[in-house]
Amino acid sequence: MFGKLLKYEFKSVGKWYLGLYAAAGLLSVIIGLWLQNLLQRPESTLYENEVNTTLSNTFEGVILTAIIASFAVIIVGLFLSTLFLIVNRFRKNVYGRQGYLTMTLPVTNHQIILSKLTAGFVWSLLSGIATLLCILIIALTAAAPAMNIYTSELIQVINEIQQSLGTNFGVYYIFSILVSTAQSVLLIYFAISLGQLFKDHRTLLAIVFYFAINFAENIINFILLMPMTLYDGSFITTYSIFSLFLSILLTIGYYFGTHYIMTHKLNLQ
C-alpha cells in the first residue's frame, strides 16, 4: 500500500511543474550560447559603425536581459512551486477535507508521512539539482572556448581542491545535503501539524510556528556551536560533525512530533 501512496504522490504533480524544468534547461542553453557569442565576438566589429553598433547592442542587450530575467523568474517559480507542492499536498491530504478519506485508508500514519516525505524530498532535491545544472550549463557553454585552451590548468586546480578537501568531505557534504533536505520538509509538516491544533487561523499559525522554530534552531546552533570557535585546527571537522548530528536529531524530532499530532491530536476541518 505504501507503494500505491508514493505512486499517487508523484502522479498528482501537474505537467506544468515538469514544464518549468524543461523551460529552465532550454533558457540556460540559450543564455550560455549567447554569452559565448558575445565573448568570442571580435572587438573590431564593435567599432566599424558606431551608430548601427550602438542600436544593435542596445536591442541585443534588451533581449538578453529579458531572457535572463525570464530564466530567473522560472528558477524562483520552480522553488516556490516545490514549496507549494510540499505544503499543499500535506495540508489538504492530512488535515483538510481530503483527510477524512486519507485516514480511512488501510495504511499507518508512518506510511502516510513517509510517502509524502519521500515525494517532497525528491522534488526538493530535483529543484536544487536542476538549478545547479542550469547555472553549470550557462557557465560551461559560455566559457567553452577558453576551457579548451586552459583544460590542463582547470584539471590541475580541480585535483588540488579535491586533495585539500579529501574524499571524506565529499561524502559528508552529500550526506549533510540529504539530511538538511529531509529536515526542511519535515519542519514544514511539523509546523502545519502544530497549526492545525487550533480551531481558527490554522494557516497563519502554521507560518508563525515555522518561522519561530527556524529562529529557535538558529539560537540553538549559535549557543551550542559558538564555543567551538575557541578550538583551532580541527574546528571545521568538529563543527561539521556536531552540526550534522544536531540536524539529524531535529529531523527525528520533527518526524515523531508530526506523527504524534496525527495520531493523538488529529483535528480535521
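Our numbering is plain: 1 for the first residue shown, then up by one each step along the chain.
Glycine is treated like the rest: Cβ placed from N, Cα and C.
Copied from TrEMBL, the annotated features are:
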- 16-35: transmembrane segment (TRANSMEM)
- 62-87: transmembrane segment (TRANSMEM)
- 121-150: transmembrane segment (TRANSMEM)
- 170-192: transmembrane segment (TRANSMEM)
- 204-224: transmembrane segment (TRANSMEM)
- 236-256: transmembrane segment (TRANSMEM)
How about the transmembrane segment (236-256) with the transmembrane segment (170-192) - do they touch, taking at least 3 C-beta pairs under 8 Å (6 or more apart in sequence) as contact?
yes
Do we see three or more Cβ pairs under 8 Å linking the transmembrane segment (170-192) and the transmembrane segment (16-35), pairs being at least 6 apart in sequence?
no
Tertiary contacts of the transmembrane segment (16-35), as residues 6+ beyond its ends and Cβ separation under 8 Å:
64, 67-68, 70-71, 74-75, 77-78, 81, 85, 126, 130-131, 133-135, 137-142
